[in-house]
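J.: According to TrEMBL:
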type	residues	note
COMPBIAS	1-21	compositional bias 'Basic residues'
COMPBIAS	379-389	compositional bias 'Acidic residues'
DOMAIN	73-202	domain 'Response regulatory'
MOD_RES	ASP132	4-aspartylphosphate
REGION	1-48	region 'Disordered'
REGION	363-389	region 'Disordered'
Amino acid sequence: ANRSAVRRARPCLRLAGRRRSSPIAMADGPHAGARSDVPRPRPRTPSPVRAVAECKKTPAPPRDFDLTPDTIDVIYAEDEEVFRETAVRELLKVGFLRQNIREANNGLEALEHLAKIQTEGNLTKPVMVLLDVRMPGMDGRECALKIQEMVKQKQLRREPYVICISSIARQVEVDEGGGNFQIVLPKPINVQYIEDAFDHLRKWWTLGLCRQLPAWKTFDIDKIDLLAADDEPLCRMSAQMAFNQAGVLTDSTSDAESKEEMLEQLVEGQVGDASRPWVLLLSSEEWARIVYDWVEEQRQMQSLRRAPFVICTSVDSERMCSSASNELFHVFLPRNFGQEDVKWSLDYCRLWWLTRSVEAYSKPSEGQDAFSDAGSDQELSDEEQSDGD
């Protein structure tokens, strides 16, 4: 019985042997049509945020309060080579060393440099991070938010001093309130601006003088106030229902069926809880223009406590014009939007909420060693429409 079993197995063994000697199997690469013909995924780039988190168990180095520019590690993110070269020359004039300046093309590369210098460089000295607002991939706002969120979670051994470089700024601003930056410098920067920033960095490092940042706010979907404004009940109801299914509480949802009622709700919303994001669903550019003009009027009077995050929910393309929609809405949903689109818009709202502040800035009283909670009502949103960057 054993011999017959061996005889039956021999053809299979011979076939297997021929397959092993097949020129296709011995080829260096996969043959067309095989599963292995699909390109293998390249190794994923390690996340800079994850790399930083892995360093958090190491105790923070002691602080050296004797600060000079030649001992400061600098990370400079700017996608325009001309501005980057100019800024580096100005930094060298102030006294910063070329070997201590790390350049990046966007916010993601800046985070990679920040992860590396957690365990290298001048460990007892501060880190100065300069971020341009508009950059491809990850812009300055999002990068600053990521940095401040890591600071809040105590993931950084070396906490950076984050500086914004803005083409719309006309002077050095310490209380700008428009993002997760400690200070804003006009673009292009010069020696005087850098010296002013370094003076504030010294006070921040030695005395703890700083402003509280928008990243210290919280964002939870179940803590969003929602207003759906539309003269068509069906559109209004369907938009509300989509966001309620995404996690927005029904008790926090209201609606308006006319322009007058919408304006009344906007006024009433100003006395609401300023720590809660306020989302406005609109499907008409005419109504969005009314909201935009009202918000700008409140800004000029310095009475805006809560700015709405405006989402376009138009399901009929004929009801939407395209002339100036880019400044009236923060987010456009597709014609037949679903839950994935709603969740994407809410995630964009989270980024907007944690990178901007609209509350009026009140200067600290005499003898108070900290900036106030929010910052001025000037935002850096004009930067997105500036061509000078």
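Cβ atoms here come from the backbone N, Cα and C positions, even for glycine.
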J.: What average pLDDT does the predicted model assign to the domain 'Response regulatory' (73-202)?
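T.: Computed over the domain 'Response regulatory' (73-202), the mean pLDDT is 90 on the 0 to 100 scale.
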J.: Could you give me three numbers for the domain 'Response regulatory' (73-202), the DSSP helix, strand and coil residue counts?
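T.: Going through the domain 'Response regulatory' (73-202) residue by residue, I get 52 helix, 27 strand, 51 coil.
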J.: Please work out the number of neighbouring Cβ atoms within 10 Å of the Cβ of ASP132 (4-aspartylphosphate), leaving out its own Cβ.
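T.: Its Cβ shell of radius 10 Å holds 28 other Cβ atoms.
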